[in-house]
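Chemist: Questions regarding the structure given below will be posed in turn.
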Amino acid sequence: MSLLCVRVKRAKFQGSPDKFNTYVTLKVQNVKSTTVAVRGDQPSWEQDFMFEISRLDLGLSVEVWNKGLIWDTMVGTVWIALKTIRQSDEEGPGEWSTLEAETLMKNDEICGTKNPTPHKILLGTRFELPFDIPEEEARYWTYKLEQINALADDNEYSSQEESQRKLLPTAAAQCRHWTYLGWGEHQTFEDPDSAVDDRDSDYRSETSNSAPPPYHTTTQPNASAHQFPMPVPLPQQLFLQGSSRDSCNDSMQSYDLDYPERRALSPTSSSRYGSSCNVSRGSSLLSELDQYHEQDDDGRERDSIHSSHSYGSLSRDGQAGLGEQEKALEVACESQKEKTGESKERDDATVCPPSDLMLHKDLTLGPQESFPEEKASSPFTQARAHWFRAVTKVRLQLQEISDDGDPSLPQWLPEGPAGGLYGIDSMPDLRRKKPLPLVSDLAMSLVQSRKAGITSAMATRTSLKDEDLKSHVYKKTLQALIYPISCTTPHNFEVWSATTPTYCYECEGLLWGLARQGMRCSECGVKCHEKCQDLLNADCLQRAAEKSSKHGAEDRTQNIIMAMKDRMKIRERNKPEIFEVIRDVFTVSKVAHVQQMKTVKQSVLDGTSKWSAKITITVVCAQGLQAKDKTGSSDPYVTVQVGKTKKRTKTIFGNLNPVWEEKFHFECHNSSDRIKVRVWDEDDDIKSRVKQRLKRESDDFLGQTIIEVRTLSGEMDVWYNLEKRTDKSAVSGAIRLQINVEIKGEEKVAPYHVQYTCLHENLFHYLTDIQGSGGVWIPDARGDDAWKVYFDETAQEIVDEFAMRYGIESIYQAMTHFACLSSKYMCPGVPAVMSTLLANINAYYAHTTASTNVSASDRFAASNFGKERFVKLLDQLHNSLRIDLSTYRNNFPAGSPERLQDLKSTVDLLTSITFFRMKVQELQSPPRASQVVKDCVKACLNSTYEYIFNNCHDLYSHQYQLQEQPLEEPGPSIRNLDFWPKLITLIVSIIEEDKNSYTPVLNQFPQELNVGKVSAEVMWHLFAQDMKYALEEHEKDRLCKSADYMNLHFKVKWLHNEYVRELPALQGQVPEYPAWFEQFVLQWLDENEDVSLEFLRGGLERDKRDGFQQTSEHALFSCSVVDVFTQLNQSFEIIRKLECPDPSILAHYMRRFAKTIGKVLIQYADILSKNFPAYCTKERLPCILMNNMQQLRVQLEKMFEAMGGKELDSEAADSLKELQVKLNTVLDELSMVFGNSFQVRIDECVRQMADILGQVRGTGNASPNARASVAQDADSVLRPLMDFLDGNLTLFATVCEKTVLKRVLKELWRVVMNTMERVIVLPPLIDQTGTQLILTAAKELSQLSKLKDHMVREETRNLTPKQCAVLDLALDTVKQYFHAGGNGLKKTFLEKSPDLQSLRYALSLYTQTTDTLIKTFVRSQTAQVHDGKGIRFTANEDIRPEKGAGVDDPVGEVSIQVDLFTHPGTGEHKVTVKVVAANDLKWQTAGMFRPFVEVTMVGPHQSDKKRKFTTKSKSNSWTPKYNETFHFLLGNEEGPEAYELQICVKDYCFAREDRVIGLAVMPLRDVAAKGSCACWCPLGRKIHMDETGMTILRILSQRSNDEVAREFVKLKSESRSIEEGS
């Protein structure tokens, strides 16, 4: 067998880091192990695995897998031949291997790989060397194995030996095989990691990702799904027949608290082969066997036994050698039994290892096992039969020994499932249905570990098995209890006067005074100071007997002895239960017990008369002494006095922590004597010399300790606290003494502290495991010393009397009981007792007094219990507590108040351990108890979550479903979402349990730990990871309905809001869960949009069938509006109830929903707009439809406010605002269509008004009669219009909503005003011919003549002043009518209405002269050509400017020089215009092109002046030069700003009208400031004007008799003619 160590380090993958979540599987020899899964393209595992290899011709297969939601995919594989792996005891840097895609197979076994991939993995592989084997021993075994291999020349086994050499490459490896196969179980006692440490490594790997210690087997927590056991092959089972994994090691598995290097078997190393086995122990035992045989003269026998140590190799002489071998085995077993000196009754199992070794040798490397190619031959050759016979013989011997011994020892059991061999890192396949109830299986392995860990410390403790020690302690206990110190006769002190100088027996001070100096016992005669009488505790009777015996007073002695006898008889009669308990505890037969009682009584009666001892005292050192010198130091020395013999050490100068290391020998013949050890400060000054003359003690006293000789036994290394002699003493510190006592008859016994430990442990074992069936008795004591009560009254008296008799400190008792309880710390009530015990132990060491300056750490180091021993015990306990707290839900069920109380006490105990480490051990920063508990709680929650995740369906159906449900997939699925609501339900039950049951219990750290909140935080964190990953997978396929995702979203939201939102750790953070569902919510919104549109169409269809009926008597709109917004509101309510806490995601939802609203309402509006004209002929229906549109706007505003109003996302808000504007526009358009539908009837009414108005005659004077006449005429004129309006507006006021009514009134007002302007004020425009001619500006020149003819034919229809006054009054009446006393349109709107303004302006223009109108036109029309842009000015005509800006498509350009001169006297203006040239004329013509320029002055007061000049024409020139000058004279009535020059370029045509090429207008106001300038005017196609200009043009067009007016209209109506080629 070889041990293969593999470390999976890290890997490098090609690709996106997001797509990798990988783990590694290792396969070798049918054993498979798996790492944890790690995300990223450069994962780091750093996990160790160990395998036992029996065939080096195989290989290690390494596969890298990528985790998926449903199935995993392989990234690549590597195959490593085992023969190529190096041997080393140190881990190397590892080697990079390229992953390949396929494996090569040969004979159904992998033999290589092919098809490299771009991925790589770093692996460290090696074969382990024997652990910690000394070099000398390695050389010895190398030599031995070479000898054995040299003997293997037998022909029968030559081929097998050759193969064996291949399998055992080095001697070191062979030695390693011996270690693992022969002594694997026993070596675990020297394992560098204890059982609890082993389990803690598991715990660490789960919680802190720390790597397990080297040479250690740790179960991979995440590998269970890929691991499986391999059964033992049949031939191996044959040789395992009758064997057991636990055989032959019960007595070896001892755990003595005095020897902490011994450890119990590691519980996690459940494999037969422990992980950190030390070879040297097994090797030394083998060496002893060799030494035994080397003393034998027979060389063949020695060779034979050496051969038996090999792996199945035989001696040269075949059968004879085999017989020698059998004999050697028997001799070896006998010699081993003799060496240990144990009787057959004790049945020490150390006889077993050699036979066990033989079994395993044959099992592992027998010929049939190691060489499969030999299997074709007979399985039982002659040599193999000899082997089998030898093994069977040894097994039968062991069977007999076992039958004669303790029946509790395990027998050789037949093989079964437990007999299989497992890989070190393998585990059973756990992919099965977990049992119920909740989390019951979660930490079962850890529970078993605990039972096998610290608990085994009690079950296999040395004191329970060491019969010699138990026998001695049994006697000593009887001795202490038959005549206990607590029941001894007290001294009978009387005041006594000394006649000679007498010294106190206690303090050895002089009894000062003339009389009545002290006290004297009348019985035993001891004398002392009055203050010292309480310090004497020796039994007066016994002391008197001893004294009488020494002085020969036989009669008195006999009386005292009889008194003591009587007392012991009374004691035995009154307290028989005490001695019965002692007998039961030590399992002594009644006969032996009676005999032993007699012996003990006699030893008490003998007292010290027959007692003697040799005492060796080594004064080692002291710590923390008082400083007595002025220098702040002392010069200490020690005096030791036994009886009357006194000795002293040398002086150590200037040291408060002196080291003496001086040894003194004493003989003592009185067991009641005391050893007085006193520490002094040596003074050598004058004062001390004077004191030396006067006093016995001239030096300063530093402290003392008084030791009862009867409390000593064996070898002791003890720290004693220095104590005061009087109240005035200033004492501190402790002294270390090594005391060796050889009591006559008890030369080889353990110290009393060890004996007390034996008594306490055996008593605890008896009361707990035997009498209490595993339960621990909890004392019900009260008071300050209640913590010192460990057992019931009888057992407590036993330990107290023993401690009192033999000087066992109470703190040692407490620590011993604490150690015992640590093996039962999970029993009900025990944690509370342990917590109290440890708190008092802490108080003892940590709470220093004013009289001592020794630190707590030093005081603890001086503990007789052993510092390392107690610290190791606490470390083990601390680890076990962490593991149990990491499964608190299983170990401390919420339904058990008693266990919850134990949980609280367990945390208190953990806190006490932390206090101990901080205050007693004085560690700098021990782990805080609160943090440890918090980590444990998190670890438990992690495990709990994993459990409920893996068993979700089973747990849910068990707890929440009464009826049987069909089988479902065990985990999450992409086909449905059923798994997640169930998981949420289970998570809530866990959090509620933690909040309600565990939080009130684990309340020791209110500021740092709240279990309910931690539970919610951990559960949410783990749930969030899985939920996010699952939804990412769902997003790819989306196999579920969007409604299902929305329902799950609501459940997740509820979970977060209910339990997570208020957690301190998550305060101020935006939750992540809305992001997981964002795409699904948007999908739902997309689908919801289609649903809303369907609702819209359906609602409109129903509305249409019903004739758009009002929804109610008071509602003015129809049902379709209600239908549309019912659906939209329901949809928004769902979005609102999501309560999305992420503003950005909520903004996405709002934007998307705003689009839905917009799409639905716009489609509604489009449908109404499309069908609206068809309904305008009906009276009420158009009003209801407009009401519907208005109601859409009202509901949209409400929805806008519901969606957040001003707080709404800006993009969504802008979208809704834009929608509101669109709806408003639609309503305006509907109102306009509705208003225009009345155009024909209003035209008819207005024509009737015009006819009536045309009949009005008279002047417009201001007399009262005239005013009355005007009012009467106005009423007559309005009557046709008012009759029409009365009927309709009354209906509108009833049917329309107020907003709609105002819009309808506005449209009617517009139509009435425009019609009155068009029909009455500007009647020629009614003629479409005239209108067309004016508006199109006579595109053809021929049409100009038609316009003239038309204007001539049209009769003049100028309104008279009276008619204007009537019409103006009629307008006021109409205005009042539309205002309707405040119920209609506002007066402000009516007054500022552009339609009324236009009408009134037209009326006002009617009364103005032609000059005034022309002046108004020039001043108001500033953008007639090219929007008034493009004219450039230069200083003179020779400087041509850049092209004008803002001019699109000019048809040419004219250059003119303008000079403006104003006469200083008359104020008249003279304008000189020089037409320089025309440039870039754009004109196409087939014939002659003769352009010329026409310049016209436009303005008032020009009727008597020349207004127009024309240049000569230039033939066929598109850039003609003219250089012609013209002069215009202007009056002084107006300034230059009332005039403008209009330049028109025309093509001269003979016999027909000239054609216009382009026009330009230059206002003189631009020249006025300059006076003189060169102008460059771009030519436009026609004159543009606004409404004012058009109105003036219309009015002037009616003045056909006014030449200036006609010329002006013609001038402004001209436009570019159609080109011949276009």
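Using the three backbone atoms N, Cα and C, a Cβ is placed for every residue, glycine included.
Predicted, not measured: the structure shown is a model, and the values here were computed from it.
This is the feature table in Swiss-Prot:
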- ASP629, ASP635, ASP681, ASP683: Ca(2+) 1 binding site (BINDING)
- ASP629, ASP681, ASP683, ASP700: Ca(2+) 2 binding site (BINDING)
- 1210-1231: coiled coil (COILED)
- 206-225: compositional bias 'Polar residues' (COMPBIAS)
- 238-254: compositional bias 'Polar residues' (COMPBIAS)
- 266-280: compositional bias 'Polar residues' (COMPBIAS)
- 307-318: compositional bias 'Low complexity' (COMPBIAS)
- 1025-1168: domain 'MHD1' (DOMAIN)
- 1275-1417: domain 'MHD2' (DOMAIN)
- SER16: phosphoserine (MOD_RES)
- SER307: phosphoserine (MOD_RES)
- SER378: phosphoserine (MOD_RES)
- 490-540: zinc finger (ZN_FING)
Chemist: Could you state the CA-to-CA distance between ASP629 (Ca(2+) 1 binding site) and ASP700 (Ca(2+) 2 binding site) to the nearest Å?
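Modeler: Distance between the two Cα atoms comes out at 10 Å.
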Chemist: Identify, among the recorded positions SER16, ASP629, ASP635, ASP683, ASP700, the residue whose Cβ has the fewest other Cβ atoms within 10 Å in this structure.
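Modeler: Among the recorded positions SER16, ASP629, ASP635, ASP683, ASP700, the lowest count of other Cβ atoms within 10 Å belongs to SER16.
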Chemist: Validating a neighbour-count step here. Other CB atoms within 10 A of the CB of ASP681 (Ca(2+) 1 binding site): how many?
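Modeler: Taking every protein chain into account, the count is 20.
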Chemist: Going by DSSP, how much of the zinc finger (490-540) is helix, how much is strand and how much is coil, in residues?
Modeler: 7 helix, 12 strand, 32 coil
Chemist: Rounded to an integer, what is the Cα-Cα distance in Å between ASP681 (Ca(2+) 1 binding site) and ASP700 (Ca(2+) 2 binding site)?
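Modeler: A Cα-Cα distance of 5 Å.
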Chemist: According to DSSP, does ASP700 (Ca(2+) 2 binding site) sit in a helix, a strand, or coil?
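Modeler: Strand, per DSSP.
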Chemist: I'm trying to understand the geometry here, so how far is the Cα atom of ASP700 (Ca(2+) 2 binding site) from the Cα atom of ASP683 (Ca(2+) 1 binding site), in Å to the nearest whole number?
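Modeler: Each residue's Cα considered, ASP700 (Ca(2+) 2 binding site) and ASP683 (Ca(2+) 1 binding site) end up 7 Å apart.
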Chemist: Going by DSSP, is ASP681 (Ca(2+) 1 binding site) part of a helix, a strand, or coil?
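Modeler: Once the DSSP labels are grouped into three classes, ASP681 (Ca(2+) 1 binding site) ends up as strand.
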Chemist: Report the DSSP secondary-structure composition of the domain 'MHD1' (1025-1168) as helix, strand and coil residue counts.
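Modeler: Reading the DSSP string over the domain 'MHD1' (1025-1168) gives 113 helix, 2 strand, 29 coil.
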Chemist: Which whole-number mean pLDDT does the model give the domain 'MHD2' (1275-1417)?
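Modeler: Mean pLDDT for the domain 'MHD2' (1275-1417): 74.
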